[in-house]
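Pulled from TrEMBL, these are the features on record:
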| type | residues | note |
| --- | --- | --- |
| DOMAIN | B:5-53 | domain 'FAD-dependent oxidoreductase 2 FAD-binding' |
| BINDING | B:Ala14, B:Asp33, B:Cys44, B:Ala45, B:Gly47, B:Arg100, B:Ala124, B:Asp280, B:Gly292, B:Ile293 | FAD binding site |
| DOMAIN | B:177-259 | domain 'Digeranylgeranylglycerophospholipid reductase catalytic' |
Amino acid sequence: MIVKDWCMFCGECAGVCPRNLIEVKEYSLVFNDEECKDCSTCVKVCPVTALEKD
Amino acid sequence: MIKTDVLVIGSGPAGSSAAKHAALGGADVILIDKKSEIGTPKRCAEGVSKAGLADLKIEPDERWVTKELDGVRLVSPNGTNVWLTSNEIELPEAGYILERKVFDKYMAMDAARAGAEIKIKTLAHAMRKEGNAYIVTCEHMGELFEIEAKIVIGADGPESRVGRWAGLKTATKSTNMESGIQFEMVGLEMEKSDVIEFYFGTVAPGGYAWIFPKGKDIANVGLAIITKKTGKTPYEHLKEFVANCPATQNAQAVEINIGGDPVGGMPKKIYGNNVLVCGDAAGQVNPLTGGGIISGMKGGMYAGKVAANAINKNDYSEKALKEYDELIRDDIGPELDKYLKVKEYLSTLSGSELNSIADAFQDIDFEKVSTTELIKSLVKVSPKALLKLGKLI
Ligand SMILES: Cc1cc2nc3c(=O)[nH]c(=O)nc-3n(C[C@H](O)[C@H](O)[C@H](O)COP(=O)(O)OP(=O)(O)OC[C@H]3O[C@@H](n4cnc5c(N)ncnc54)[C@H](O)[C@@H]3O)c2cc1C
């Protein structure tokens, strides 16, 4: 996952991730890319379109 | 390894309330939050009801109340207004507008005064069950360490992971997660400065837009939408709203806030062996307004009390913790269900139906009018809207 530098770490993506794979730190996001099934739910809910699949 | 009776993860309103009540009940409590400053950044329009604070026995403090309000303005898609005051109707989030950055910190301070130990800038990174306890791996300034807790209270907000680490089905469906975005603005020109304003229709598909005044010419101007219901991003919707709303023509943003708001109601199960979940993490949010400060703090209060009882009795089983579920559902369950129904009803209405309802209600004196009369005026303007209402109730 590409996290754009305007991400504000609100964590909405983590709350909707069906597999609980996103860790929201204070100033960074950590994705467990290995287990990600590319459902893109996180990408779609982001209020500022800061996520992009790579 | 650090050992404690109760570990509360997340120091928002729900977590601080949980930590305070668990500590007051005699338990050893640790309260952690990943933030370097509790309460900042905010993900909130900051409205709370006076009755809600009173229920929680929290005295309003001038350090965190920015504005006292009395009333609501509802604006339909074509701009028709319905004005309501609290004498007329019970208004969920229209009492005070807070300064959440100060409020959240104060609630954490109350928890500390009650005896909880706070660890800031401390992230819960993973969690595993060992015997009759949970071991939580935490991260602080690059250092990993473990905390063993007899009971973990997950108060980790809309980004919640704790419940799911414990095997509870607390994920929020994307159709139940409103995407919120807000400017705090200066230079507002509002018709009345002591009411909160809600705007419905295409300005915010699946949700609404709001203006919550914070005193002088300052206000939170924002909206929350269901992203699946629109082709535009929340930010595009907000910029459009601000460009078109008469009150914001000369206003400027000094802050931008974003965040998810879980509006699907409480998941079926919010407790298990050695674990309780409260606040946004447990869907303790008014499904219509998106307000979750008071309901989350009530969840925290019951979670804290029940956890302390369980510690005193040396029984942290699911059976012992079930009382939490009963207490919170008795208290806020009926209200959440009621607002969920109203929300479902509103979502069935078209823009023109919303307009005709607003038109019928705009001159009504709600204080004097009975429900029967309300229904009579609704049947006159929009029989279809009434029919839909009938189907729901
Ligand atoms: C745009 C918007 C407007 C809103 N307006 C209102 C309103 O006007 N009135 C109202 O009542 N409600 C409103 N809400 C909802 C309200 O903000 C929430 O319901 C409320 O903050 C919930 O409190 P909480 O304690 O459950 O969660 P939060 O306040 O989100 O606190 C959770 C805390 O947990 C911490 N955390 C999360 N994960 C971890 C981890 N792994 N380790 C350590 N710490 C962690 C976070 O840093 C955070 O401090 C709004 C929400 C949004 C998005």
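Indices start at 1 and increase along the chain as displayed.
Each Cβ is built from the backbone N, Cα and C atoms, and glycine gets one as well.
Taking every pair among B:Ala14, B:Asp33, B:Cys44, B:Ala45, B:Gly47, B:Arg100, B:Ala124, B:Asp280, B:Gly292, B:Ile293, the residues listed as contacting FAD, the largest Cα to Cα separation comes to 29 Å. Averaged across the domain 'Digeranylgeranylglycerophospholipid reductase catalytic' (B:177-259), pLDDT in this predicted model comes to 96. DSSP assignment over the domain 'FAD-dependent oxidoreductase 2 FAD-binding' (B:5-53) gives 16 helix, 11 strand, 22 coil. Around B:Ala124 (FAD binding site), the C-beta neighbours below 8 angstroms that are at least 6 residues distant in the chain are B:Ile9, B:Ile32, B:Lys34, B:Val136, B:Thr137, B:Cys138, B:Asp156, B:Arg161, B:Val162. Of all Cβ atoms in the shown protein chains, 34 besides its own fall within 10 Å of the Cβ of B:Ala14 (FAD binding site).
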